[in-house]
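The structure appears below as structure tokens.
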Amino acid sequence: MIALGNGGYQPNIATFGADQFDEEDEHEGHSKVTFFSYFYLALNLGSLFSNTILGYFEDEGIWVLGFWASTVSAFAALVLFLGGTTRYRYFKPRGNPLARFFQVIVAAAKNWKVEMPAGEVYDLYEGNGNEKSIVRDRKMLHTDGFKFLDRAAFTNSPVFEYNPWRLCPVSQVEEVKCILRLLPIWLCTIIYSVVFTQMASLFVEQGDSMKTTISNFRIPPASMSSFDILSVAAFIFLYRKVIDPLVCRIRNNKGKGLNELQRMGIGLVIAIMAMVVAGIVECYRLKYAKKDCRHCQGSSSLSIFWQVPQYALIGASEVFMYVGQLEFFNAQAPDGLKSFGSALCMTSISLGNYVSSLLVSIVMKFSTEDNMPGWIPGNLNRGHLDRFYFLLAGLTIVDLVLYIACAKWYKRMKLGKGDEHRQYGV
């Protein structure tokens, strides 16, 4: 039920929030960009409540009160959301996006044998305004690339009977091209999500094997993620108030700092730094491990607060990667597929969890050969968690190289107003 609720809520709430701003208005367009930062900050503040208050209820065994607190929180959010009903801006649904997508694929496949003029100017179907599934406030212009899809909008007959599964307007074809161009960028974000996932898994195990007490007070290892949340809050304000204006001043470009793709690249660089730092901390944890103590399974005299830098770096990388991701997929997804763009960001996080589990399984399979304890055994003092962190850093470096190549290849969608018929050259 939680998966069902979040699946319907998270992708749409980001899109619906962005819809409240008019991109054509300079002030509102800037506010829309700011919205994604504060939206992600709000998500993290909710996590801070979970990691502190609910974490305390869990440790104390007050499970019923913890569930009631979560229920009241969700109900309060629903009331707050419904309270703005009369003030919201609404965009009327414009047909089934999945149907539009597959119509282009099917039409291109059916027209596969149709001969298209090579090296000449030819007509692509622009639509006559009666196609209910592709009515748009903003018109998408033809772009190069994925030319095989142009067959879905090509006809060599001046008289024809319109069939959306055989002939599609060029704007509809461009929607599919937009999605296909987004996929390589999206795939490159999955490795980052693998790094992000470690904060809720191996970082906690690592912290549990360190000195977690101050006097008589024990610090729950999972609560260390609070430093990640504080880092997110700090870097959101730092980026908006310091970094972004500074970049604008250096570039002499008013209102335009780092674009989304550049920020996502910076996020990957910081993620690499986080894994390197985590690996170094693990090396020192092993150095101060209590290997002779039979009752100290996997413990170390190194303080858990040495984990603060790796949590802080992950938080900083989130500001650049996930906020940039939300902005990028929302801006570059076609008008009728904005929620799909937000869903790509959430799906990246989900797949990151699966890939992380798969990677751990593969590493353990190969590292436990010849009766070796493996890199990530139950007793971390017998393993080499540091090697796994360095492996992630290496994979992220490879991912960064691929991401840079994909970012340079990527072409942003073209919007504009065109005539009813337009000529396109091969």
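If you go along the chain as it appears here, the first residue is 1 and each next one adds 1.
Positions of Cβ are set from backbone N, Cα and C atoms, glycine also.
What TrEMBL lists as transmembrane segment is 38-57 (among others). Within the chain, the transmembrane segment (38-57) has long-range Cβ neighbours (under 8 A, six or more residues past its boundaries) at 13-14, 17, 63, 65-66, 69-70, 73, 220, 222-223, 225-226, 228-230, 232-233, 236, 318-319, 322-323, 326.
Under the heading transmembrane segment, TrEMBL lists 63-84 (among others). Long-range Cβ contacts of the transmembrane segment (63-84) within its own chain (Cβ-Cβ under 8 Å, at least 6 residues beyond either end) map to 46, 49, 53-54, 57.
The transmembrane segment feature in TrEMBL is assigned to 182-204 (among others). Within its own chain, the transmembrane segment (182-204) has Cβ neighbours under 8 Å at 221-222, 224-225, 228, 261, 264, 267-268, 271, 274-275, 278, 307, 310-311, 314, 317-318, 321, 325, 328-329, 332-333, 341, 344-345, 347-349, 351-353, 355-356, 359, 376, 385, 388-389, 392, 395-396, 399, 402-403, 406-407, 409-410, counting only residues six or more beyond its boundaries.
Below 8 angstroms of C-beta separation, residues 185, 189, 192, 195-196, 198, 203, 206, 258, 302, 306-307, 309-310, 313-314, 316-322, 324-325, 328, 386-387, 389-390, 392-393, 396-397, 399-400, 403-404, 407 of the same chain, each at least six residues beyond the ends of the transmembrane segment (264-281), sit close to that stretch. If you look up TrEMBL, you'll see 264-281 (among others) marked as transmembrane segment.
Same-chain residues lying 6+ beyond the ends of the transmembrane segment (343-368) with a Cβ under 8 Å from its Cβ atoms: 6-7, 10-11, 14, 182, 186, 189-198, 201, 322, 325-326, 329, 374-376, 384, 388, 391. What TrEMBL lists as transmembrane segment is 343-368 (among others).
Marked as transmembrane segment by TrEMBL: 388-407 (among others). Sequence-distant contacts of the transmembrane segment (388-407) (same chain, at least 6 residues past either end, Cβ-Cβ under 8 Å): 184-185, 188, 191-192, 194-195, 198, 202, 261, 264-265, 268-269, 271-272, 275-276, 278-279, 282, 360, 363, 375-376.
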